[in-house]
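Trainee: Quick paste from TrEMBL:
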type: COMPBIAS; residues: 12-21; note: compositional bias 'Basic and acidic residues'
type: COMPBIAS; residues: 30-52; note: compositional bias 'Low complexity'
type: COMPBIAS; residues: 341-352; note: compositional bias 'Acidic residues'
type: COMPBIAS; residues: 364-375; note: compositional bias 'Basic and acidic residues'
type: DOMAIN; residues: 167-294; note: domain 'TFIID subunit TAF5 NTD2'
type: REGION; residues: 1-54; note: region 'Disordered'
type: REGION; residues: 85-110; note: region 'Disordered'
type: REGION; residues: 125-151; note: region 'Disordered'
type: REGION; residues: 341-392; note: region 'Disordered'
type: REPEAT; residues: 423-464; note: repeat 'WD'
type: REPEAT; residues: 496-531; note: repeat 'WD'
type: REPEAT; residues: 538-579; note: repeat 'WD'
type: REPEAT; residues: 580-621; note: repeat 'WD'
type: REPEAT; residues: 622-655; note: repeat 'WD'
type: REPEAT; residues: 664-696; note: repeat 'WD'
Amino acid sequence: MAAVQDGQLNMEVEKDIKTEITNDGSGNINANSSSPGSTSSGGKSKSPAGSGEDQQTLLAVLQFLKRNKLTESVDILRREAGLSADADDSPVSDSAGAGSGGVPNVSADGGDANSLLSRVSIATPVAPPATAPPKGLVRSHSKVMPSGGEDQPDVNVVLSAYSQQGDPVLYPLYYNGLKKFIESVLDCHRAELSQVFYPLFVHMYLELVYNNHENEAKQFFEKFSGDQECYYEEDLRILSSMSKKEHMKGNETMLDFRTSKFVLRISRDSYQLLKRHLQERQNNQIWNIIQEHLYIDIFDGMPRSKSQIDAMSGSLAGEGKRDANKAKVFYGLLKEPEIEVPLDDEDEEAENEEGKPKKKKPKKDSMGSKSKKQDPNAPQQTRIPLPELKDSDKLDKIMNMKEATKKIRLSPDNLPSICFYSFLNAYQGLTAVDFTDDSSLIAGGFADSTVRVWSVTPKKLRRVKSAADLSNIDKESDDVLERIMDEKTASESKILYGHSGPVYGISFSPDRNYLLSSSEDGTVRLWSLQTFTCLVGYKGHNYPVWDTQFSPYGYYFISGGHDRVARLWATDHYQPLRMFAGHLADITCTLFHPNSNYVATGSADRTIRLWDVLTGNCVRILTGHKGPIHSLAFSPNGKFMASGATDGRVLLWDVGHGLMVGELKGHSDTIYALKFSRDGEILASGSMDNTVKLWDTLKAFDDVELDDFTAATGHIHLPENSQELLLGTYMTKSTPVIHLHFTRRNLLLAAGAYNP
């Protein structure tokens with residue numbers, strides 16, 4: 001730290017920045033000699049400072065740090081400047097604190113103190129690169145900042161890190177030097193080290209913009225933006241619009257880049273190569289950015305190939321940390337309650353009436369539809385409180401079991417029939433669709449803020465009679481449930497009014513008594529399908545709510561929207577039970593796991609997160625999509641998940657290991673609908689490209705070989721050609737597919753609005 005000891009903090013850097021970098025192992029010491037307040041008296045003039053004046057400045061800063069109880073920073077600075085332990089208690093420091101000695105407003109003027117602080121934080125070593133711990137990141141510069149800045153992520157505090165900058169002319173040289181080095185290394189390391197380009201490019205550009213080097217920033221962007229991966233195109237477009245310091249304040253994308261460390265997964269050998277190169281070149285500007293803004297997740301073993309890295313990258317904040325996917329996930333199904341299935345007349349007349357259900361049930365269990373045996377991977381039955389079964393629920397389960405005996409066993413040779421519901425003349429703008437589990441009702445959410453419900457069976461929709469009429473009914477009669485319905489109100493459809501903005505998400509309760517809807521107005525509404533009125537308006541989101549879904553057991557539901565926070569609710573609580581925060585952009589789709597103990601959320605930050613309902617913790621972060629995620633589906637056995645996004649790809653995930661196990665390519669537009677068949681043999685996907693595609697998931701999942709090494713490092717081996725798994729493509733005339741549903745007999749229902 002010769003420059004600090006000699007007191008030549010400003011002029012030497014200005015004369016020869018390259019020499020300064022070579023001499024100093026801790027980072028660029030104030031390469032921006034023209035910034036206000038650089039070693040001048042109170043930041044008011046730019047005259048060169050003598051060693052006495054620098055001594056005054058240094059002592060004043062020490063005093064300031066001591067007053068804020070930043071003892072660690074005081075010790076580091078004192079050691080680097082070669083000051084004795086009692087130097088900052090001398091009369092000089094007292095006079096400095098009093099406003100004399102050439103440093104008039106260190107404590108009184110906050111701006112001055114901050115400029116001094118930023119200069120000290122530049123000179124303070126993060127840790128010399130030679131002794132940097134191999135586990136990715138070391139302590140960052142922000143330790144020097146007052147702790148209040150960390151507790152309250154104020155925009156100015158967040159942006160202030162970019163004041164630690166070097167000579168703008170050298171930025172392209174630094175970046176180009178690293179680029180040439182990475183292009184010269186062995187192929188096996190090149191793919192891994194190339195991951196560094198994008199986050200470095202972003203942060204170097206933002207530093208230039210923040211420090212008012214507008215022209216240099218523009219030239220830097222034009223020169224190197226073309227080198228970035230194509231899937232960052234949208235992010236780069238947003239980045240290019242930030243060409244002035246004022247643009248950065250309040251910009252969500254900017255804050256995302258700054259507050260969340262970009263995660264890179266790199267083998268130890270590749271990391272050591274990069275570290276050695278930066279140390280030899282004394283390339284501290286890049287080293288500082290790596291330490292400050294990147295989290296390098298190092299693993300032991302062979303470096304990953306380009307295809308393996310590309311499969312997992314693309315999210316707003318890099319890959320998910322391996323530690324984030326280590327928690328145990330109980331993906332098994334809960335034990336089904338014992339319910340006796342009475343044989344009806346049809347069953348008695350049929351041949352081998354007792355044999356039929358018994359033969360079918362093991363098939364139902366094979367792909368893991370709800371099992372009667374306790375799954376070793378299942379959570380405890382009482383892990384989260386679930387509603388007790390009512391008599392009507394038991395009747396429904398009996399009906400379900402009877403339907404299951406008539407279920408068609410699907411296979412590549414026996415594909416399902418598809419029934420498509422087209423919404424014609426949907427000038428109100430169809431935005432969401434849902435079917436009841438028994439496929440008797442269909443609901444649509446519309447941009448005119450209405451929710452419409454149709455019966456798709458001959459049975460019409462009826463309201464419950466008025467209270468006065470109900471008092472005349474014999475409550476003991478066998479058909480009391482029929483008598484309470486008012487025949488005068490029977491119609492094929494009902495319209496529900498209440499929202500004050502477009503309806504973006506709808507979901508039927510498993511018992512068909514309720515319907516949820518979420519809207520641009522920031523509310524989630526619960527509707528009764530007995531009275532067709534709104535029962536509750538759940539207010540918690542401050543912005544549009546993009547999706548809401550009921551739990552498979554009813555009672556609980558999840559919502560997610562523009563505020564980036566998913567909320568878990570219970571129908572009888574007007575406030576959320578859990579809030580799941582962690583996504584860096586809008587939550588665009590939500591889904592409960594079949595055992596209801598976990599919730600999956602897909603986001604515009606291009607990640608999927610799995611949350612534990614009991615603890616509220618994030619137990620999986622899945623990356624790989626190159627665009628916002630719009631659809632999720634769990635396999636009936638709860639072990640696998642599928643996701644679809646604007647990139648037109650369907651990705652398959654192993655929930656237990658937290659790994660991608662398949663990639664299905666074929667759609668040319670956003671995938672808004674995914675659904676597994678009742679036994680899980682087939683996955684249906686629906687897209688804005690007006691097609692429904694069927695995929696062989698049995699083959700996709702059977703080919704997967706997972707071991708501990710793969711789980712630890714992410715060395716996934718995806719099949720080269722997903723076309724082998726494509727069983728069929730079905731075109732609509734001009735109707736984007738926005739919802740899919742398999743009936744209990746494995747007939748596939750699809751829905752969308754005709755787009756002439």
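Cβ from N, Cα, C; glycine included.
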Trainee: Mind checking which residues reach the repeat 'WD' (622-655)? Cβ under 8 Å, same chain, six or more beyond either end.
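Mentor: Residues packing against the repeat 'WD' (622-655) from afar: 231, 234, 311-315, 318-320, 325, 329, 331-333, 367-370, 377, 585-586, 588-591, 593-595, 600, 602-604, 606-610, 661-676, 678-680, 683, 685, 687, 689, 695, 697, 700-701, 704, 706.
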Trainee: Same chain, outside the repeat 'WD' (423-464) by at least 6, Cβ under 8 Å from its Cβ: which residues?
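Mentor: For the repeat 'WD' (423-464), the sequence-distant neighbours (Cβ-Cβ under 8 Å, at least 6 residues beyond its ends) are 396, 399-400, 470, 484-487, 489-508, 510, 512, 515, 517, 519, 521, 527, 529-532, 738-739, 741, 743-744, 747, 749, 751-754.
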Trainee: For the repeat 'WD' (580-621), what are the DSSP-based totals of helix, strand and coil residues?
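Mentor: For the repeat 'WD' (580-621), the helix, strand and coil counts are 0 helix, 24 strand, 18 coil.
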Trainee: Considering every residue in the repeat 'WD' (538-579), what is the mean pLDDT value?
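Mentor: Result for the repeat 'WD' (538-579): average pLDDT 92.
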Trainee: Take the repeat 'WD' (423-464) and count its residues per DSSP category (helix H/G/I, strand E/B, coil), listing them in that order.
Mentor: 0 helix, 22 strand, 20 coil
Trainee: Kindly report the helix/strand/coil residue split of the repeat 'WD' (622-655) according to DSSP, in that order.
Mentor: 0 helix, 20 strand, 14 coil
